[in-house]
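**Student:** First the structure, then my questions, so here it is.
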Amino acid sequence: MAGGIVSPATLLDLITDIVEIPLNAGIFKKDCADLTRRVCLLTHLLEEIRDSTPIDSAASSSSENDWWSDLVAGLQAAKRLLSTARFQARDSSDGAAKRISFQFQCVTWKLEKALSNLPYDLYDISDEVGEQVELARSQLRRAMQRYGSLNSNKFSSALSEPMEIDGFSNIKIKVEEKLESVSETLHFVEEEEKQDSPPLRRSSSISLAYYLSKDADTDRLDKMVNKNTDESKKSDKLTIPVDFLCPVSLELMKDPVIVATGQTYERAYIQRWIDCGNLTCPKTQQKLENFTLTPNYVLRSLISRWCTEHNIEQPAGYINGRTKNSGDMSVIRALVQRLSSRSTEDRRNAVSEIRSLSKRSTDNRILIAEAGAIPVLVNLLTSEDVATQENAITCVLNLSIYENNKELIMFAGAVTSIVQVLRAGTMEARENAAATLFSLSLADENKIIIGGSGAIPALVDLLENGTPRGKKDAATALFNLCIYHGNKGRAVRAGIVTALVKMLSDSTRHRMVDEALTILSVLANNQDAKSAIVKANTLPALIGILQTDQTRNRENAAAILLSLCKRDTEKLVSIGRLGAVVPLMDLSKNGTERGKRKAISLLELLRKACQ
């Protein structure tokens, strides 16, 4: 077993110890509960690893150690952290609180990194457990997005440090380097005023279908921390009414919402609670009959008045109970009413104005949704007026940027109409429909719904026949949907492999080799996809990329070849004759950590095949 010293049984005992740690009641209550819940998701994975034998012990010795060491270090650090954080009182020093917060970032990164490198090919991992691992990774990525990306070297060193408070005083957080593992933050860019393009940052590559946000520099980060600290000190001098505090975060609420049980929470925290798979009310433990979050305008107004009376800066985004820098709610409601006008011209003008408002700010997206626009906009997706349909699908895309609106869009039954636009709309409407499906599919449960809606064949068609921008939109959406195992077969049956293989040999200036390889690397562990890839005579193209292309493309080519050739001596001999050995040796020395592992595993298999 990888790691030599620590066995799966030992890690299972470690998880049991973590679960038994009493829940923290201080400022890190939510962080402790979230981390414990995510660690619990790994139980079934470790049980299956414990009960399985590595498929190839030689490969195990070379490729398994890294991920296992990361997992062991992450779980051990999680136990130390949870044991320490539960004693963190609300009146603790700023330095102590910062250090604990940093440790949560470190542990989250380490666990996500370990799971991203899990060598499924070495174990008999069931599909159900595989999906559970992907769920845990998804939650860890969301946590990383919330915590922010930090320098990976700082993460590693912090994990090995003792948990004394003094150890943190000299740590300088830098936010310049991207994490090596897949913890990129999805970043939407709002439509530009002149071009009015859809609010997705378009890149020359999928980069594993997540778009990188530029991290704040150190000075900005320090200013933000100091500002929050000063406000906290000012608030601590007063006794904040209990009803104004979120029961989950114990912080002054800025956007209070009511759940089905009648309890009020801060929107961001209760949404995170629901996103983690919880079906009960945190305070009462009653089952939530639905997940609707209703704004508590009365409480918001009371909090605003209280802040004004005590000369406290009001929660970000609100002044006198109203949203800053957003369209007037009465104007928005009037526009929403005009969406149902009998006049085609009136509807067209109203949806155009809402499109303009929805691209400007998050506040506007919240208000437009609260005004009841989403169901009406979904109805307009089937409009026979071309301009109305184009504006409506772009409005839905813009509104989906705000996380809470995704659920409202899904509840409105939008997917069927979005797919209809994707199939038969204008090219601009089809592109924005594909971008909308990508946005909605970021929620794991939506991947299943969208995959079963007939969207995948339409996306494959856009991938083959769209404009360069449309092809990128389709590729991004298809990648994200194919993360869910059940959608891989649908994509293969829709002809995605043929389209992707053509892209590998595309020599135009709009070539999308990076995107094609990224999607193929995700599909390659599906048996139908393997057969289709081999049938398309892809091996020579992959060897060519391995010999001459960029590092990331070489890495993905090696990953695909490993999936195709494992336990197939004939294919191993074939890639050896095609010249795979020399570029694999180079990749094993000069590639990324993932690239090195893939190359070393392939070289080991080639050596055995030759023997």
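Every residue, even glycine, has its Cβ placed from backbone N, Cα and C.
As listed in TrEMBL for this protein:
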type: DOMAIN; residues: 239-313; note: domain 'U-box'
type: REPEAT; residues: 372-414; note: repeat 'ARM'
type: REPEAT; residues: 454-496; note: repeat 'ARM'
type: REPEAT; residues: 495-538; note: repeat 'ARM'
**Student:** Sort the residues of the domain 'U-box' (239-313) into helix, strand and coil with DSSP and give the three counts.
**Tutor:** 25 helix, 12 strand, 38 coil
**Student:** On the DSSP side of things, how many residues of the repeat 'ARM' (454-496) fall into helix, strand and coil, could you say?
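**Tutor:** The breakdown for the repeat 'ARM' (454-496) reads 36 helix, 0 strand, 7 coil.
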**Student:** Please work out the helix, strand and coil residue numbers for the repeat 'ARM' (372-414) from the DSSP assignment.
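**Tutor:** Result for the repeat 'ARM' (372-414), in helix, strand, coil order: 33 helix, 0 strand, 10 coil.
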**Student:** Grab the pLDDT values for the repeat 'ARM' (372-414) and give me their mean, rounded.
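**Tutor:** Mean pLDDT for the repeat 'ARM' (372-414): 93.
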